[in-house]
Amino acid sequence: MKLSGAQIFWIVATIEVVMGTWLTITPAIQTSQQDAWISMLIAGVTAVALSFFYARLSTLHPNQTLVQFSKTLLGKWLGGAIVFPYFIVWITLPAALLRSFGDFIHLVFLDRTPVSIIMILLIGLSTYLTYSGGITGIGRFAEIAGPFLYLSLILSFVLNAINLRWNHLLPVFSESGWVTIFKGSLMPASYLAESFTLLVIVSFMNNPRNAPSQSMLGVGMVALMVFIATFMTILVFGPDVSSKLRFPFFMMVRSINIMEFIQNIDVFVIFVWIFGVFAKLALYLFIGSYEMAAWLNIKNWRKTIWVGAAGIFILAYLIPNQTFIGIYPIYWMYILVPVCGIGIPLLLWSVTVMKKKLAKSSVE
Amino acid sequence: MMRAGKLCFVLLLIVSNASGCWNLKEPDQLAFDVASGMDITKDGQFEFSAQIAIPAGIGMAPEGGGGGKKDFIVIGSAGKNIYDAIQNLQTKVSRKIFLGHREVILIGRRMAEQGIGDLLDEFVRNPKSEMRSRMYVVKNADAKDILSLEPIFDPITSTGIVNKQETSGLKKYYFRDFLSDALSQKSAIMLPAVSLTRTPTYLYTGNAIFTKHHGLKLAGFLNTQESFYANWIVNKQAELAITSFVYQGNGNVSLHLESVNRRIIVKMLDQQIQIDVRLTGKGSIVENNSSLNPATPKDLQIIQDSLNQSAHASIQQLIAKAQKQLKTDFFGFDESVRQKYPHQWKTLKSKWNETFPDIDVSVHVNLQCKNMGQANSSIKAIP
């Protein structure tokens, strides 16, 4: 199973952009109001820097995934124990995504279809892709679906150009100030820091030297899209309305109305969005089962897919309601990202560097 | 055998999903609500009226008398809130009410007086609701009365009401724009109003003013002339015509402004707010009954000056009305102050209604006649 540089780029760009444009805009606008776009810029720069760090750390251990290099670095037991939080992420994040998106489709389009059916279709197809194609299949899928996803995003921006009310942006900066703007950037940055999945997938690259540049490009492109989406949401609805909308970007797509003729293109945008959700589910399923196999020393990682898929589905099914999922981003931002996105990678990185120095000095 | 079975299963799955039939409602199972009205009935209940298009009727105009089908019906139903009323309405209609094609939201007089601030949620929260609608207030009747009117040009009244916005020279103002005004820090907002005439038909009668401190309640109306100027100040007017008597030429001149612009400049001197309203407009002369010849620079200047003065006087009168009579800032000056002085605004905000009547507002109008039309001096019968 091998990945090219372009595939890494599209994987990162595809899996992150859906949640980015879908769930980060409202929290940012709630905090920093009309200056949320500045928050998004800060979040984007932070996320790009973080993704460089992840890709770099991963290239220090060529051909080893997170669990593998953690085990070689820290030994079988400690190295195995320290990656445990990642499994929580790899199960809970896709579960929350699956349920949220299922609920969303149920709310907006298929109101007479049970959420569980929508979720079974999504997870079923993702399982198929992961099982048959592995990471290469996901990479190829992202390579094809990604450009469509971005095209649909850009189209929705362009078609909204006539709806913009520029005075919504004023006053710039002075009402919020740096502290508020930084606070507003935390949630989007934590979502974009999801790129710590790179710690696993970079090991599959043909040419790992490209990893930092390609992943930074990917995250950068996502950040750019999220920034434009936020900026335009503010300009279309104003900060007061957008902070109350749960899916402001979707509402913005819905408000497209050109010459009373081009309307209701939300269906097409959602259609393409599903590609992104699907790619993300498949990727997490792959990472989860591959790493689970590495963790438990199971030879054939495909056997663990069924456990992962069932686990994700059951967890998604058991979530009582959307209000409950609302807690997840907070838990994500304050616990999961600091631990899995910053704490453990930093620890692994410092151990790597120390070991290298020790090796050097012992040679001398 | 195993393979074929698998293939059949997959194909079946694809067909059942790709068609999406289980969730489909054919148009002939739906009742399309093209315009919604919100009223308070005489006994104080909330009433929601829906103008429902009858597709079978449209395009089958009765030829030579004869009873064709009607193009629409208006059905009203009371309820505790909007959705409750729609539920009650559904009992009267055999098809499922579909709100996705609503073009107009009308607010009846009594409803406007009671306040509409608490009735905005459904439009956003309910995914089946529609936010691309235009909004109007009915000045002298219930929304239901307007919806039930016999249309003149179009098969359905709502189309005409939508077009009223553009034919009155207004910029497009959707429900979402209204919503962002309603949730902003502006203390008052304006909505276009229609009124019922005795004929009976409806006409555009300027703006209704809503104040926010008691939950978006009707505070008054502006006549059409005042509304044109008010809309100009709040940047909602796309074009307008100004007619004024030119004293030097002893006759009227009409100028059709094709592009209008505005700037509101806020200054703060010794804690005193000064607002300068700068209005500019460019257009062409469409009627000249005066003895002046706009082909000569001198006369053109006289015409422009005279039009400027007349617009200036009207706008000052309007501002005086806002400050002294209505005591409401429906120009959005509060928003301009907030944008320019966000820090001072925090203290000004709570007492804006008391501050506003005494604020120094100056007006500058600059109209330019870019084109004099198809004649030079006035076409007049010589006595």
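Just so you know, glycine gets a Cβ as well, placed from its N, Cα and C.
Look at TrEMBL and you will find A:7-25 (among others) tagged as transmembrane segment.
The feature transmembrane segment is assigned by TrEMBL to A:37-57 (among others).
TrEMBL lists A:77-97 (among others) with the feature transmembrane segment. Remote same-chain residues near the transmembrane segment (A:77-97) are listed as 19, 66-67, 70-71, 194, 277, 280-281, 284-285, 287-288, 291-292, 295, 308, 311-313, 315-316, 319, 325, 328, 332, 336, 339-340, 344, 347 (criterion: CB distance under 8 Å, separation of at least six residues from the stretch ends).
Annotation source TrEMBL lists transmembrane segment at A:117-136 (among others).
With a cut-off of 8 Å between Cβ atoms, the residues of this chain six or more beyond the transmembrane segment (A:148-166) that come close are 13-14, 17-18, 21, 221, 225, 228-229, 232, 235-236, 238, 249, 252-253, 255-258, 262, 265, 268-269, 272-273, 275-276. Among the features that TrEMBL reports, transmembrane segment is placed at A:148-166 (among others).
A Cβ distance under 8 Å defines the sequence-distant neighbours of the transmembrane segment (A:186-205), meaning residues of its chain 6+ beyond its ends; these are 1-5, 8, 11-12, 15-16, 19-20, 23-24, 27-28, 31, 39-40, 42-44, 46-47, 50-51, 54-55, 57-59, 61-68, 93, 135-136, 211, 215, 218-219, 222-223, 226, 283-284, 287, 290-291, 329, 332-333, 337, 340-342, 345. Annotated transmembrane segment per TrEMBL: A:186-205 (among others), in sequence order.
Look at TrEMBL and you will find A:217-238 (among others) tagged as transmembrane segment.
The transmembrane segment annotation in TrEMBL covers A:267-288 (among others). Tertiary proximity for the transmembrane segment (A:267-288) is limited to same-chain residues at least six positions away from its ends with a CB under 8 Å from its CB atoms, namely 11, 14-15, 17-19, 22, 87, 90-91, 93-94, 97-98, 101, 105, 108-109, 122-123, 125-127, 129-130, 134-135, 137-138, 141-142, 145-146, 148-149, 151-153, 156, 197, 200-201, 250, 253, 304-305, 308-309, 312.
As annotated by TrEMBL, transmembrane segment applies to A:300-319 (among others).
The transmembrane segment annotation in TrEMBL covers A:331-351 (among others). Residues 50, 53-54, 57, 60, 69-70, 73-74, 82-83, 85-86, 88-89, 93, 186-187, 190-191, 193-194, 196, 199 of the same chain sit 6 or more residues outside the transmembrane segment (A:331-351) yet have a Cβ under 8 Å from a Cβ within it.
A contact between the transmembrane segment (A:300-319) and the transmembrane segment (A:117-136) is present, since 3 or more of their C-beta pairs, 6 or more residues apart, lie under 8 Å.
Away from its own ends, the transmembrane segment (A:7-25) comes close to residues 36, 40, 43, 51, 97, 100, 136, 138-140, 142-143, 145-147, 149-150, 153, 187-188, 191-192, 194-195, 197-198, 201-202, 205, 210-211, 214-215, 217-219, 221-223, 225-226, 229-230, 233, 242, 247-250, 273, 275-277, 279-280, 283, 329 of its chain (Cβ-Cβ under 8 Å, at least six residues beyond either end).
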